[in-house]
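J.: One structure is given below, represented as structure tokens, and several questions about it will come after.
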Amino acid sequence: MDFHSILKYLLLFFFISTAASEFQTLTLRSLPTPSPLPLFPDSQSLQSSPDAPLTLDLHHLDSLSLNKTPTDLFNLRLHRDTLRVHALNSRAAGFSSSVVSGLSQGSGEYFTRLGVGTPPRYLYMVLDTGSDVVWLQCSPCRKCYSQSDPIFNPYKSKSFAGIPCSSPLCRRLDSSGCSTRRHTCLYQVSYGDGSFTTGDFATETLTFRGNKIAKVALGCGHHNEGLFVGAAGLLGLGRGRLSFPSQTGIRFNHKFSYCLVDRSASSKPSSMVFGDAAISRLARFTPLIRNPKLDTFYYVGLIGISVGGVRVRGVSPSLFKLDSAGNGGVIIDSGTSVTRLTRPAYTALRDAFRVGARHLKRGPEFSLFDTCYDLSGQSSVKVPTVVLHFRGADMALPATNYLIPVDENGSFCFAFAGTISGLSIIGNIQQQGFRVVYDLAGSRIGFAPRGCT
């Protein structure tokens, strides 16, 4: 083969590679229809050794609302999302105490089934990387919201034990008290809208698929007020000292991961893994950044974004910097749906995407989305690629992670939004299909594409 032939093939390969990095195909799907929850037995026979990794099925909150249409559920999801982002921003700014998500914010989007007490009573618990304290509703209830299972009765559990007021665990709470009668610890978690949960702070045994974990410190709430309905409580997965990963760090080597499926394309459940098996060999890692003012959130370094294979001008690392006062930064959050970027970064990203998608028919704005398209009557379209560049790790998003259906009439919107807050949040729509690895021992977070298989 002569020089000119080799040059021709190299140029052809370059153009094909460039084109592949500029666009990808989006197969159009409708809004997901919630699937009914599988039947959970009161006791689960799946036994595993104490050293084995722990794997849990995760289910979306929509599964608890089978009587609503897909459009209704999507609108509720966006409403919850707005409340949650407001709460996360308030927490980051130091305006609210203790747990961030929870009652008033819908406390995240995914839940699992676990046993509480001895013998175990199986309950739905929301999992939330944006909060620390583990808590559930307990009888006797002075005031409790509606949940799908009977409320947990600590007096029927052999392993329930109050925590002494003098215990270091009690002192780790942001807001604690002491029962003068029993000399045991009391907790209170408050929310920005006046919602709260309060009750006894105790230790209890939790059972996951036959795997018993003793002496987990949790709140046993006798007075719980807010908008959250359905699950019995919350399993805090944040970075603080009272979170479930922090309490069980030695057992699971300070590692966990999850993979959230695209529910419009798959009926299989999302999953979470604790232990060494949580680490994917395909993951690319970025260092965790510590906020000196707030230990709950998982901060990472976002240094740029590409659209259509080209870095977006105007999206610089300085827009995402976490300063010494704890302001700004970027967090990974399982409970926020739509990624929020600081306004200048979002505007630059949106404008670049609009240019790359100028061949698509524009549609009206929808809710918090200002860039929407009318794709009715089509089965697939070409869209510009979007890549998030973290320090040390690139996250090349599938098209379904950023151009999403918003109704049942063929309207699709660019699933990012701007925020006037300095805090940027990577939401769960953008995380779909990736195994997101929290290697706390190595102080890093990883992203493994196609990680739900």
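The chain as shown is numbered from 1 upward.
Including glycine, each Cβ sits where the backbone N, Cα and C put it.
Features from TrEMBL:
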type     : residues : note
SIGNAL   : 1-21     : signal peptide
DOMAIN   : 110-448  : domain 'Peptidase A1'
ACT_SITE : D128     : active site
ACT_SITE : D333     : active site
J.: Looking only at C-alpha atoms, tell me how far D128 (active site) is from D333 (active site), rounded to the nearest Å.
T.: 8
J.: Note the mean pLDDT of the domain 'Peptidase A1' (110-448), expressed as a whole number.
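T.: Mean pLDDT for the domain 'Peptidase A1' (110-448): 93.
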J.: Same-chain residues six or more away whose CB lies under 8 A from the CB of D333 (active site)?
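T.: D333 (active site) has long-range Cβ partners L88, T129, G130, F297, Y298, I425, I426, G427, N428.
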